[in-house]
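Take a look at the structure set out below.
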Amino acid sequence: MQDQKAYQKLVESLNQHSYQYYVLDDPIISDPQYDVLYQKLLRIEDEHPDWILPESPSQRIGDEPLKEFHTVRHAVPMYSLDNAFEDDELKSFLKRIEEKLPDQKSLAFSAEPKMDGLAINIRYENGQLVQATTRGDGQVGEDVTHNIRPIYSVPLKLFGNNWPEVVEVRGEVFMSKSAFEQLNEHQQEIGGKIFANPRNAAAGSLRQLDSKVAAKRHLSFFLYGWGELSDDWQLPQYYSEMIEQLVEWGLPANPQSEIISGLEGMFAYYEKIQAKRSELPYEIDGIVYKLNDIKLQQQLGFTARAPRWAIARKFPAEEVWTKLLDIEVQVGRTGAITPVARLQPVSVGGVIVSNATLHNMDEIKRKDVRIGDTVIVRRAGDVIPEVVGPILTQRPENTQLFEMPQHCPECGSDVVKELDKAVFRCTGGLVCPAQRKRALHHFVSRKAMDIQGLGDKLIDQLVDKGWVKHPDDFYHLTVEKLATLERMAEKSAQNVITGIQASLETTLAKFIYSLGIPEVGEVTAKNLANHFKDLNAIKQAEFEELITLNDVGEVVAEHIVNFFKEPHNESVIQGLLDAGMHWPTPETTLVNEDSPFANKVVVLTGTLSEMSRPEAKVLLEAQGAKITGSVSAKTDYVIAGEKAGSKLTKAESLGVAVLSEAEWLAMMPQQD
């Protein structure tokens, strides 16, 4: 597609699909279909960087991190809300309004869950998102535009065309429960900071100078109001009507919102939302009631800090004390060892809790939690029970300090602590039951052993039946055995066995990669193979030699040493060799160190006439080059084919050497 109007239509279509998915929760195409369209968009923009629209989905994430945050004064102050913690306080609120509006017989309120997030002001000018600001002190906030743009529920351009020249939308940025769990799981795996709750995680994400970090954390947004509007814009009669208008322009509102009447309506709505609180996919900490009539809002006005026409009815806190009976450990699918508190069962927020996370050893030491303590337990996020800390005044004399086990409770392999990280990890990657399925999925993957016909579901079935525990077990399967599986005909079974046997002929680099050594990716595996040229040499390599290799730092070197030191892993490797696993002799994998591309970082862009990009990648890697997908100051060469786009532009701006296809081929060493 080379038509600019068609490109514009594609941008419009992708934005509409994002709206259907993130705002309406009603997608009309599948995720893979969206991905196809998005990749198509990226290809067009790579070829035609001058076509790129500011509202394109590709423009949500910036290239360069900010150096610092800048303050912004709000055009209209961002007020807080008064809180009500008891029913009597809600009654007093309603009574004050009724006294100030004696002519109003029945007052309608908009009621909505109070999101446990961060208030944000998003400014649109001529329909385009131009700035996003935190509440700050209500008068001055911080510019966080770069971290709001990656939120897919926030449109970069408003829908329709009937919006005012200036419109400021106000709402809450939050992190869903599922996104929060995924983030903490990732933080646990890498030994990073564990967040106490989704609100803290969302706040930490907005405080990132690099938008790429915030983008990975999957923040969400619900609007709750507006700030500055163009003078010529006529507000509707009701608050709910203005919210509906903002939704029509592409912004998401909380679907749980309702219009209620009087004190009975307030109580009924509170009870209804509190009852479904744990089922909601996000955190809430109360209910917000707002007078629905905008003219009556204006008549009541504001105090120094809050509107007189709105109030937040807060939910009660959910923390209790109980006894910490023991601390045990669980082994995650990546081998991370996580301490878990075993508690005297206690009701927290209506749920019986007997286990709670302690995150990692550093957290246990920081909180000084000991076995036998009386501890505070919180249902962090209403879902994940967490030990907040001990009640020191209740500490008995016979408490025990917890020590991380030296051997994995699942497989007996050594447990090691990663350098400069909080995480402890089991080294039995090939044999540990807790890591088994993940290790086997990786072993058969396309860039590893590339075993045709062995999909994840079939592997899970083989593991569940006890037929496959370790990678070498694949090579003892038979057609007759596989054919007994449900939905597995003899021909299909034969195809699987053929694929397994074909994988016995591989390369040293693929074999190393297939082992699933932590932090050892495809490039590192190739560097190891090219440097040592022999499996035994890699297995016997010392830490000091490993860290001299390209792409191998101290952490990776430690993982490699620990992996090959573990006898269980050695047993599986020997089993694979006994099954007939082999690769070409070292001479055929030697890298020409005299090649101009040896140990160089190379980027391919545009269309090549002599071969495809994957074919070019193979040729360059054979010369010792490292192929990357983006241009940076560390790039040595950019090889530019026809219709090279933004990568070529960036290379020229950074002063990176650019080669045409002909120039590159001329530099390649001639084959004997």
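Glycine residues also receive a Cβ, built from the backbone N, Cα and C atoms like all the rest.
Quick look at what Swiss-Prot lists:
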BINDING   D31, P32, Q33, Y34, D35, S80, L81, E112, R135, E172, K290, K314  NAD(+) binding site
ACT_SITE  K114  active site, N6-AMP-lysine intermediate
BINDING   C408, C411, C426, C432  Zn(2+) binding site
DOMAIN    592-672  domain 'BRCT'
Practice task
To the nearest whole angstrom, state the Cα distance for the pair K290 (NAD(+) binding site) and the residue listed as 'active site, N6-AMP-lysine intermediate'.
Solution key: 12
Handout entry: From binding-site residues C408, C426, C432, the one whose Cα lies nearest R135 (NAD(+) binding site)
Key = C426
Practice task
Starting from the Cβ centroid of C408, C411, C426, C432, the recorded Zn(2+) site, name every other residue in that chain with its Cβ within 8 Å, sequence order please.
Solution key: V331, G335, P409, E410, G412, S413, V415, T427, G428, V431, P433, A434, Q435
Problem - CB contacts for R135 (NAD(+) binding site) [other CB atoms within 10 A, all chains] - result: 19
Completion exercise
Least Cβ-packed of the binding-site residues L81, C408, C411, C426 (other Cβ atoms within 10 Å) is L81
Exercise for the section: Express the distance between the Cα positions of C408 (Zn(2+) binding site) and D35 (NAD(+) binding site) as a whole number of Å. Expected result: 40
Practice task
Take the Cβ of K114 (active site, N6-AMP-lysine intermediate) and count every other Cβ within 10 Å, whichever protein chain it belongs to.
Solution key: 22
Handout entry: Where C426 (Zn(2+) binding site) sits in the secondary structure, as DSSP reduces it to three classes
Key = strand
Handout entry: When distances run from the Cα of the residue listed as 'active site, N6-AMP-lysine intermediate' to each of the binding-site residues D35, C411, C432, the nearest one
Key = D35
Exercise for the section: Using DSSP, break the domain 'BRCT' (592-672) down into helix, strand and coil residues and give each count. Expected result: 26 helix, 18 strand, 37 coil
Handout entry: When distances run from the Cα of L81 (NAD(+) binding site) to each of the binding-site residues C411, C426, C432, the nearest one
Key = C426
Completion exercise
DSSP says C411 (Zn(2+) binding site), in three-state terms, is coil
Handout entry: Inter-residue C-alpha distance, Q33 (NAD(+) binding site) and C411 (Zn(2+) binding site) (nearest angstrom)
Key = 42
Handout entry: Least buried by Cβ count (within 10 Å) of the binding-site residues Q33, C432
Key = Q33
Practice task
Calculate the distance in Å between the alpha carbons (Cα) of C432 (Zn(2+) binding site) and D35 (NAD(+) binding site), and round it to a whole number.
Solution key: 35
Practice task
Pick the one among the binding-site residues D35, K290 whose Cβ has the fewest other Cβ atoms within 10 Å in this structure.
Solution key: D35
Handout entry: Rounded to the nearest Å - Cα separation of D35 (NAD(+) binding site) and C411 (Zn(2+) binding site)
Key = 40
